[in-house]
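Enquirer: The active site, proton acceptor feature in TrEMBL is assigned to H254. Feature annotation from TrEMBL assigns glyoxylate binding site to Y24, Y129, R164, H254, R257. Residues annotated as FMN binding site in TrEMBL: 77-79, S106, Q127, T155, K230, S252, 285-289, 308-309. Sequence annotations record features per position, and here TrEMBL assigns domain 'FMN hydroxy acid dehydrogenase' to 1-359.
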Amino acid sequence: MEITNVTEYEAIAKQKLPKMVYDYYASGAEDQWTLQENRNAFARILFRPRILIDVSKIDMTTTVLGFKISMPIMVAPTAMQKMAHPEGEYATARAASAAGTIMTLSSWATSSVEEVASTGPGIRFFQLYVYKNRNVVEQLVRRAERAGFKAIALTVDTPRLGRRESDIKNRFTLPPNLTLKNFEGLDLGKMDEANDSGLASYVAGQIDRTLSWKDVQWLQTITKMPILVKGVITGEDARLAVQAGAAGIIVSNHGARQLDYVPATISALEEVVKATQGRIPVFLDGGVRRGTDVFKALALGASGIFIGRPVVFSLAAEGEAGVRKVLQMLRDEFELTMALSGCRSLKEITRNHITTEWDTPRPLARL
């Protein structure tokens, strides 16, 4: 079967992967309302395309924290990618580099920062969970910096792990042949089988629940890398992120895996963008499956988007070639959406190109 869109990879991944692994990647928290809503909310945003504009040349390039990339579509951090494919994060790193875009490596990767750096050139960010043992955090941040990583994506929505019922049913744990490579050799306890989710038990033991805004400032004292705050979904927290010296914000609900019944990220995006008043860039992750979704996010003020699940599902289906194809399909769809909307560059994508359910009715244009 020829794959014609990103979503089709999920069914293939479901056939190929062990149930515990597929469920871990695919599921959300509790009733999974937000998981559905991350997709459904995009469907309620409609286009207002402009016509008779010369769209023979379209420029999708942009800069993120000063780094030039080929398109505003980047790879989000997803944990334990070797559960999906033996090449894991290596394959993802090569695919992102080939596409001329940014890969974010998870703290809980099954390949280390040094191993990912060894795959060759590429712009890479490092996603950070803050452990109770701050020496471990300092070591990890310094290793990422030495390995050439360019920014930290600090995950701030996980003082505890959300209740993912499929992981509880499956007694989720990391397959015995794999390790969390960044923590190898550190005496931090293992992700063993537990009475519920092995990952939830591991998080309860290791992750620092005291994490607060002062720690964003502490991180700035141990690294020169800019810090993106990942997991902001309110205007109040966006303002605090600016005050704390964040270099940017990633509007994220952790792929709907933490608190259920939070809004879809695309629904929360505009509030966050307005609160920052243009002082720092705002990015979005969650629910992006089409080039049309990318355009909608940019029209609502995002500087770019990150994709997570499409990467692990395509990785499971076809390895590096799958991830390359996902990035290419989204790129092609986004370019087509720009052309059909009458936009030749990212700066031409405006709020007037879309209409949302929270808009006030527009006055009729006078001729």
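The backbone N, Cα and C atoms fix where each Cβ goes, glycine too.
Owing to the predicted nature of the structure, the values given are computational and were not obtained by experimental measurement.
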Enquirer: Give me the CA-CA distance between Y129 (glyoxylate binding site) and K230 (FMN binding site), in Å, as a whole number.
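Expert: If we compare the Cα positions of Y129 (glyoxylate binding site) and K230 (FMN binding site), the gap is 11 Å.
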Enquirer: Looking only at C-alpha atoms, tell me how far A79 (FMN binding site) is from Y24 (glyoxylate binding site), rounded to the nearest Å.
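Expert: Cα to Cα, A79 (FMN binding site) and Y24 (glyoxylate binding site) are separated by 10 Å.
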Enquirer: Relative to the Cβ of R309 (FMN binding site), which residues of the same chain, six or more apart in sequence, are found under 8 Å away?
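Expert: Set apart from R309 (FMN binding site) by at least 6 residues yet with Cβ under 8 Å, we have E10, Y25, A26, T78, G255.
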Enquirer: Using CB atoms and a 10 A radius, I'd like the single residue among the binding-site residues R164, K230, R257 with the highest neighbour count.
Expert: K230
Enquirer: Rank the binding-site residues Y24, Y129 by the number of other Cβ atoms within 10 Å of each Cβ, and give the residue at the low end.
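Expert: Candidates: the binding-site residues Y24, Y129. Fewest Cβ atoms within 10 Å: Y129.
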Enquirer: Specify the nearest of the recorded positions Y24, R164, H254, R257 to Q127 (FMN binding site), where nearness means the distance between Cα atoms.
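Expert: For Q127 (FMN binding site), the closest Cα among Y24, R164, H254, R257 is found at H254.
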Enquirer: Would you mind pulling the longest C-alpha to C-alpha span across Y24, Y129, R164, H254, R257, which the record has binding glyoxylate, in angstrom?
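Expert: Between the outermost Cα atoms of Y24, Y129, R164, H254, R257, the distance is 19 Å.
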Enquirer: If you compare CA-to-CA distances from D285 (FMN binding site) to each of the recorded positions R164, H254, R257, which comes out shortest?
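Expert: Checked the recorded positions R164, H254, R257; minimum Cα distance to D285 (FMN binding site) goes to H254.
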Enquirer: If you measure from the CA of H254 (active site, proton acceptor) out to 10 Å, which binding-site residues from the list Y24, K230, R289 are inside that radius?
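Expert: Those near H254 (active site, proton acceptor) - Cα within 10 Å - are K230, in sequence order.
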